[in-house]
Structure formats: C-alpha cells, structure tokens
Amino acid sequence: MKRNIKITYLLSYLKHSWFWIGIWVFYYLRFTDYAGIGLIETVMIGTMSLSEIPTGAIGDLFGKRVTLFIGFFMESAGNFIMAFAPNFNVLVLSVIIMSFGGSMYSGTSEALAYDSLKQIGKERNYNKVTANSQSFQWIAVTLTGIIGGLLYKINPSYPFIASGIFFFIGALLCLLIHEPRIDTEKFSIRNFINQNKIGLRSLFINSEVKRLTLFLAAIGAIIVLSWEMLDGILGMEFGYDPLGLSVLSAVLFLAAAGASQLTAFLHERFGASKAIIFLAIITIVTFLVSPIAGLIIGGLSLILRSAVQTIIVNLTSVVINENVESKYRATALSSFNMFKNLPYVLSAYLLGSLMDTITARNFAFVLGVLLGTLLLINSIRTKNTSKRYAKM
C-alpha cells in the first residue's frame, strides 16, 4: 500500500503535465473565435459535471486501478486527437474525451490514497499526503507550462503531443497500483442525487446562510469565468506571445500557490467574510485597469488576480464550513461548486461572442463594474439584516 502512495505522487505530476497551459488560446484561435472558445469551455465543464455519475459507477464496478487507467488513457488519446485536429468539430471531440477522462481521475486518486493509508492504519497521514500531491501538481504545471511555450514555437501540435505522452505514461503506471481491500466510498445514482439535494438545502437553510451562499456563488462564478477563459485571452490581448504567456502562466500558478498560504492568516486577522470583501475589491481594480494595460501592468494584474482569487476560493470554503453542519459539509461544498459553475456553463458562448464584439479588455472592465455593484448590494443587504436583528 505504501507503493500506492508513491504512485499517487507520480500520477499527480503526470496528471498536471499541461504543456499547453500557456498556449491553448493561441491554438484554439487557429480554429475559431472567442465565441467558439466559449462553446468549447461550455462543452468541457458540462461534460465534466455530467460525467460525475457514470465515472462514479465505473469506479465501483471496476475498482480504482482500472478507473484511473481509463482516465489517463482517455486524456492521452484526447491530447493526441487535439494535436492533429483538422477542424473545429474534431477539436471539440478531443475536449469531450479529455474532460471525461479528467472526471475519472477526480476523486478517485484521493480515494485511492485514503483507502491505501486506512488499510495500513495510517489514515491520519492523509492531509500530509494530499499536501505533497499538491506540491507535485504545482511543480508539474510550472515546468511543463514553460517547456510547452518553447515546443509551440517549434510546432503548435507539440505541446499536446507531449501531454499525450505523459498521460500515456500515467496510464501504464496505473497498472502497478494494488487495489486496496478497504473501500470507504460506494457510489449509487440515488445517493448522488440525495447528497446533492441535502447539500443544496443546507446552503439555503436560513435567510443569512442564503444571502452568504448567493453572494459567494456570484463571486465564485466571476472567478470561474476569469480562470477558465478570460485571463488566457487577456494575456494575448496584453501583447504576450505563446512563449511569454507560457512563462506568465507558470508565474500565475506559483503566485496562487504562495498566496494560498496566507489564507489562515487573513482568516484569523480579519475574519473570512471581511477578507473576501477586501480581496474582491483588489480583484475589481485588476479588472478595471485592463483596457489601458500593456505587457507589464497587464501581467501584474493577472498575477495579482490569480493570487487573491485563490485566497477567496479558500476562504469561501471556510465560510461554508462555518455555516453548515459538519455531517453535510462535504456535500454542501460539492453542491456549491456545481452551483457556481452553472452560470459559466450556460453563458460561456454568449460571453465569448461579447468579447469578440467589445474585446476581452473592455469585457474585463464590465466585469469589474459588475463585481463592484455586487459588493455594494451585499453591503446594503448586510446592513439591513443587522438593523433587523438589532430591533429584535
């Protein structure tokens, strides 16, 4: 079982060997425009959300080793198909295959690590194992992202071929996994539906929790849009070439990893809600400067936004944990993530079309104004709630 943990670390590195992380916008634009990118993003997140049910069932039927093998093999195949895609339709097909494969990995790797530790009586080390896996993840994204920019200059298909090779190595590595005898998770469609019902209900259990949920989900939806599509396009509009954007993407991930360590300090010093509002104000500023930003200011705004938004995501988890009963927390967080992703899934194509019309720079400015309005509305509602409780 100890070998499983070592394999988990290697799989974490291979899973995040995204040689294309800095060049994907440039590559997609060879086939489509911003609206098309929005459509691809919709397909990606929609596929990952919908495939949670069948991938959970596959995990129960065939075990974690086979599930992870299928996941890595599909992501390898998807990357190779994308590398040689002749048109937009094949590009979308490759995204569907990769997204389904990604769902196979999601949750299964963590379950493998926990069950392997539990079998040898060391489940208390799970947090350490998770932290180590995340370190391998950040290292992989940073190194492969920079190398991918160099590969793209040689041939636009090379970053996807490189990722395909690394994922294929991951698939072979999965065959060395020893299936744990202990299985702490059993999947069923009924349980999946019931858990999400309970999770959603706990997020709206009273008026105050409902207000917090809607407020945090709105901010979360903006962060999803920023991370998934806007920031990559902005990098290109700020004047970065494929190699420059690859290096910048690596810096963004490093900034996010470093900033994440500030979560506990900000929570203890200011409280989660106040810290989120303060960080959201910084996010607004980074959006508002976009129309006039060039290489330096634009790059710094992206780095700063990546850092503060990572902390916001962490603190959002803290707020939900503080306002939801312990037995419902995991389910509530899962339901919240689905809830905040929904606006992006439904509107990514339209938002991409809007960027085609007004540019991503100006769209970022509009997003900053929208986020500022959201903070103002929340401030007014919070004051009204406080006055109402003061009269009671």
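Positions of Cβ are set from backbone N, Cα and C atoms, glycine also.
What TrEMBL lists as domain 'Major facilitator superfamily (MFS) profile' is 1-387. Residues annotated as transmembrane segment in TrEMBL: 7-28, 91-114, 135-152, 158-177, 212-230, 242-264, 276-297, 363-382.
Below 8 A, the CB atoms of the transmembrane segment (242-264) and the transmembrane segment (158-177) form no more than two pairs separated by six or more positions in the chain, fewer than 3 in all. Long-range Cβ contacts of the transmembrane segment (212-230) within its own chain (Cβ-Cβ under 8 Å, at least 6 residues beyond either end) map to 37-38, 41, 45, 203-204, 273, 276, 280, 283, 305, 309, 312-313, 316, 319-320, 323, 336, 339-344, 348, 351-352, 355, 360, 363-364, 367, 370-371, 374, 378. Confidence annotation: the domain 'Major facilitator superfamily (MFS) profile' (1-387) carries a mean pLDDT of 89 in the model. Listed stretches 7-28, 91-114, 135-152 were compared with the transmembrane segment (158-177); the greatest number of C-beta pairs under 8 angstroms is found for 7-28. Through the fold, the transmembrane segment (7-28) approaches residues 36-37, 40, 68, 72, 75, 79, 82, 91, 105, 109, 112-113, 116, 129, 132-134, 136-141, 144-149, 151-152, 156, 158-160, 162-163, 166-167, 169-170, 173-174, 176-177, 232-233, 235-236, 242-243, 245-250, 253 of its own chain, all at least 6 residues removed from its boundaries and within a Cβ separation under 8 Å.
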